[in-house]
């Protein structure tokens, strides 16, 4: 028994050995090769008859019958039984003699045909003057014990014997009464065998065969009962004398065929023969292997040899899971085109035919394709006349035979790998094993298979006779037919055979999943790129982003309505950009006009003269357009090879500790030896956090510390893919936090000799957060007509001067239409709620408006090495969705400033913390101000702490300017864009397209934020943060101080609009009472609301939960200040309280 792995189906194997093709006729045959093919066919027929050796067997039978007759005749006492035996001998002698004459006549006819064909070949070779086949024929005499016989004398004696036998036949009527039936019986038996093997008998012929067999039995019985014929038969037998036996010996002249004739050299042949041989060398063939009418493999392409053989010598292992229905071979011819020559169906092997026991088998094929001769060949399916024999007209079809071997393979234990049960159709095909495969589709004698089965049972054929093995298989098939028919059916029963991988493996294939997603229109990654061929080239990050997108698209029932609005806005923005990207890709495809150039019609003589002169002028060499080489992906980079270098130099103006001394300090000093507690000096250090790994510097001192340290941060790409497209999609942030280190040593007052123990605390002072994408570069793109052509030229010229500077002249709007960036600038009204707060302080109002813009969540930039498309929304859409990118924030803030009559422009540049950014530039009376729309902060031009590192491009509602100054840092840039030596402008002053209509609305309508939802969100955030803090302290208890929480809740609402003096005497007194019992460390945090997870991450980075001081308590307060259109400002006040002993 073969062991079968669990969960897998058992596999079986068929071994198909395709040896080669041998053409018996080919369209490139010349007349000599046609005659040689005929000679080979005659010679093979003669060899088959020699192997059967029927004349010799009949000759020996005649001698044996003669001896038996003499022996019976010499017996004087002739009984009734002896007379019956003699009568039977006489009939057998007569029949054997006639059969012998018939077989000898066939041999002489074959010899005569062979000799005549050979003479035609020799005559044709002499006539054409060259030899194209190596065939050579010789006759050899066969010597026997009785001596050597000349063929001529032998033929004369045979003819004399034939005349004598006719003269001596005195009882011809009696002979004719018996001979027809006897000959009919022999012939019918022979026909029956041939019909069973060749399968070319219909139902009517089967019935006639049954009737004729019954007639033969009756006639034979009557002939033996007729006693009056005894004397005539005995007289006929007496004529068979010794001399006659000697004259009818078998033929001893045997032809010998060899292939030793040398072919004529090609140079000595005629021109037609040379061309014909050249065409032979160009022909090639290959074979397709089909199982159940589906291709499973194919042979290599092999050339046609000069002897018209095609050798493949290939073995194919066909693995199957059940019994195949059909095995088919398709022979293809390759010349100038590939054409199907023949289709062969191979009989399926029996289960006992294994690889070690099989021999080569042959299957014939033919083709009725019409091929007209051209260079001396005879063609195919075309009538022609052989030279030297004007009366013989031939029309030959392309034909030949395929040599192959089909058997079952063996496993390691020597057991055949055959299916357990054979299907009915397969058994039907295996019965036809020795039948011409081309006749399988319509076999006449199987139309009424039931009658043939009944006839086979009546005749009682010997089951051990190998000649009837096929018929016995058919009988067994008919017996078991219908017993194993299942009670169901399958439309594609053999489909599993061609499933090269299982459905589970197919579903796990990364490339197949990407193809499905791209076909469904849900994939954004490979819109402009080719799909990778192998799964190892596809990063897992692609699927992680898609799954994340799917999760966000699924509505969550327990989220707040404001959170749901944030999720819906992000999903809407992604879908909108996806649709626009598809439209851009569709428009960017090459059109027919880009490939085919239309020539203008010649309508004048001057154009005709120019066209003629252009034909004769010297052609220039092609000048291919240079394109920037695509960056080579870092394929050899492994995890750990890439480091992020963070250099911490120094810090300025770090706040010092509060030196206020209260009444409880004296008591506290008696218990605690404080190193750093009440001193004015602080001890800061820096922690760098990336991908959940924390690195820190050494501890410095003072409010202006200097570290000058370099930290190497380990970097591991998700999915282990370090290509630019994969790195650009990383959404991790790099956190730089500043802490104040405090060491408190405590000593037991009752045991002064005991050693003291210390506690280390770190107090969070501030943090810097910038995305990983800020480390990468971003490319741009531009396109199309009129103004857009000018913008394209402008962009190329600017990039040629300064390749690393940003320049953006055209973008795509929310409808996928390309427009100028100037159409986004227009004065828009801010919320009236903000205008009513500071009625008499315009600067405070501007600061509040900038703060409002900074509270709108920012969409992270997704960079792509091959994607240079910018898609910007209008300011109204940005407000309604409460989401936008960096440029949309800057445009919104610029439009608000224009509402107040300010002279404002949008600045495109780069920042160390944020990468590529967009700022707003306003001009005051004596200075320029740079506004960061993401933080709401305002910096002067010469402020050394301004995050903006470079000023690359400016634009307003009228034009676009590119900075062509060598130094583009803000402090060195001259912002007077009217000077052409400093700024390169897109549109000249007199250009007609400068007054294009803005795409911004006339007015923005705002809506109030639901306060009940704000309260629900505040409670949700507070509960979540408390649970997270307790989760982050799994080994220590977490206690909450309600008194401190109450105080913080009263302070937080005053921080949003406070100016610094927000703490009233009431809150100050409560803090004084609280500080008598606790050492309090706390700080407020403000951030725009995007989602709850971002708030959790910000609180975790402070590290306040990691305090190991015993008996530490915590206080947490959350406050949300609402602005119109669900724009929220979230405040979180977190404090830790250490109880005094």
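The backbone N, Cα and C atoms fix where each Cβ goes, glycine too.
Listed in TrEMBL for this protein:
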{"type": "DOMAIN", "residues": "252-420", "note": "domain 'CC2D2A N-terminal C2'"}
{"type": "DOMAIN", "residues": "676-717", "note": "domain 'C2'"}
{"type": "DOMAIN", "residues": "870-986", "note": "domain 'CEP76/DRC7 peptidase-like'"}
{"type": "DOMAIN", "residues": "1014-1136", "note": "domain 'Centrosomal protein of 76 kDa C-terminal'"}
**Prompt:** On the 0 to 100 scale, where does the mean pLDDT of the domain 'Centrosomal protein of 76 kDa C-terminal' (1014-1136) fall?
**Reply:** 85
**Message:** Let's see if you can do this one: DSSP helix, strand and coil counts over the domain 'Centrosomal protein of 76 kDa C-terminal' (1014-1136), in that order.
**Reply:** 61 helix, 35 strand, 27 coil
**Request:** Using DSSP, tally how many residues of the domain 'CEP76/DRC7 peptidase-like' (870-986) sit in helix, strand and coil.
**Result:** 21 helix, 41 strand, 55 coil
**Asked** Per DSSP, what is the residue count of the domain 'C2' (676-717) in each of helix, strand and coil?
**Response** 0 helix, 20 strand, 22 coil
